[in-house]
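Student: Could you have a look at this structure, given as structure tokens, before my questions?
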Amino acid sequence: LGRMKPVIVVHGGAGRIFKEREEGCRAGVVRAALRGYAVLRQGGSAVDAVEEAVRSMEDDPHFNAGCGSVLNEKGEVEMDAIIMDGKNLDSGAVSAVKCIANPIKLARLVMEKTKHMLLTDHGAHLFAQAMGIPEIPGEKLITERSRERWKKNLEPDSNPEEFQKDLGTVGAVAIDSEGNVACATSTGGLSNKMIGRVGDTACIGSGGYADNHSGATSTTGHGESIMKVVLARLILYHMEQGMSPEVAADTALDYMKTRVGGLGGVIVVNKAGEWAARFSTKQMSWATVKDDNLHYGIYAGEKHIKSVDEALASEREGF
């Protein structure tokens with residue numbers, strides 16, 4: 001058996017990316033893709049790679065995950081995350097978690113240290129304590145931008161829907177040299193959401209899905225719409241019917257748009273290592289590394305290509 005060439009694809013959320021955040025989002029997805037790829041290049045697993053890439057974006061305040069998450073109606077951060085291993089369909093997820101820096105780490109511990117797949121709120125908190133995950137004050141996760149938006153959305157004539165377009169859920173998919181695939185997704189959810197609202201991210205088949213027999217995908221966009229069509233699994237179904245990652249992604253996104261009026265974005269890798277980053281929103285920040293080349297973009301049709309070594313060099317100098 002020839003060894004697979006590893007591939008990683010990441011997204012920093014679909015929606016509308018305001019001009020002043022473009023550079024930060026581009027830099028953030030590129031950094032995440034390079035970090036995930038470094039794991040793969042050293043022989044690490046797809047699961048390790050997607051966790052590392054997502055952790056990198058959780059720590060980046062430009063994205064709506066971890067630090068920089070949007071606030072619920074009470075002005076608090078509640079986060080959801082999922083990770084899945086395509087080898088045996090093992091998955092772990094957490095929902096409505098507070099006061100931890102990296103929900104994706106906790107999701108992986110749920111996958112590996114429990115017999116369960118999803119822990120929520122208080123139970124997830126107790127499990128994090130048991131696993132020795134440091135608790136951080138909730139304020140540490142709140143950025144000026146999130147607080148401003150929360151206040152704006154509280155105004156009587158505000159339209160939170162307008163701001164929802166600037167979402168920023170983060171995710172990653174990968175295939176490693178053994179041919180195993182994995183996905184990971186993490187989010188702060190919807191701005192000014194009801195307390196206890198859980199969207200698509202923590203739901204297997206909606207926020208992400210990975211199966212070595214077909215591939216892996218991570219989604220972003222309007223959570224309730226994604227859940228209605230079980231978007232991640234739908235894309236893999238289309239690939240099982242013989243569609244390429246790109247056609248499968250577009251077909252599923254199109255169905256979501258026509259059937260329930262929902263917009264979103266997806267990243268996909270199939271079992272042959274072919275990838276796609278597609279979206280029905282105005283923008284989605286994404287980056288991928290394959291064959292030692294980095295590709296990235298934000299707008300439809302935009303695609304920059306650099307060699308990994310060149311990208312790593314400019315990464316060290318700071319963008």
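Using the three backbone atoms N, Cα and C, a Cβ is placed for every residue, glycine included.
In case it's useful when we look at the structure, here is the feature table from TrEMBL:
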type: ACT_SITE; residues: Thr169; note: active site, nucleophile
type: BINDING; residues: Arg197, Val198, Gly199, Asp200, Thr220, Gly221, His222, Gly223; note: substrate binding site
Student: Measuring CB to CB from Asp200 (substrate binding site), give everything in the same chain under 8 Å that is also at least six residues away in sequence.
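Tutor: Those within reach of Asp200 (substrate binding site), by Cβ under 8 Å and sequence separation of 6 or more, are Ser206, Gly207, Thr219, Gly223, Glu224, Ile226, Met227, Leu231.
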Student: Between Thr169, Thr220, which of the recorded positions has the fewest other CB atoms within 10 angstroms in the structure shown?
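Tutor: With the recorded positions Thr169, Thr220, fewest surrounding Cβ atoms within 10 Å: Thr220.
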Student: Between the residue listed as 'active site, nucleophile' and Thr220 (substrate binding site), find the distance joining the two CA atoms and give it rounded to the nearest Å.
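Tutor: If we compare the Cα positions of the residue listed as 'active site, nucleophile' and Thr220 (substrate binding site), the gap is 6 Å.
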Student: Find the longest CA to CA distance in the recorded substrate-binding set Arg197, Val198, Gly199, Asp200, Thr220, Gly221, His222, Gly223; express it in Å as a whole number.
Tutor: 16
Student: I want to check the contact list for Gly199 (substrate binding site): same chain, sequence separation of six or more, C-beta distance under 8 angstroms. What comes out?
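Tutor: Looking at Cβ-Cβ distances below 8 Å from Gly199 (substrate binding site), excluding near sequence neighbours, one finds Asp80, Thr187, Gly189, Leu190, Lys193, Gly207, Gly223, Glu224, Ile226, Met227.
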Student: Out of Arg197, His222, which of the binding-site residues has the smallest number of neighbouring Cβ atoms within 10 Å?
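Tutor: Selected from the binding-site residues Arg197, His222 on minimum Cβ neighbours within 10 Å: Arg197.
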Student: At a 10 Å cut-off from the C-beta of Val198 (substrate binding site), count the other C-beta atoms across all protein chains.
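Tutor: Neighbour count, Cβ to Cβ under the 10 Å cut-off: 21.
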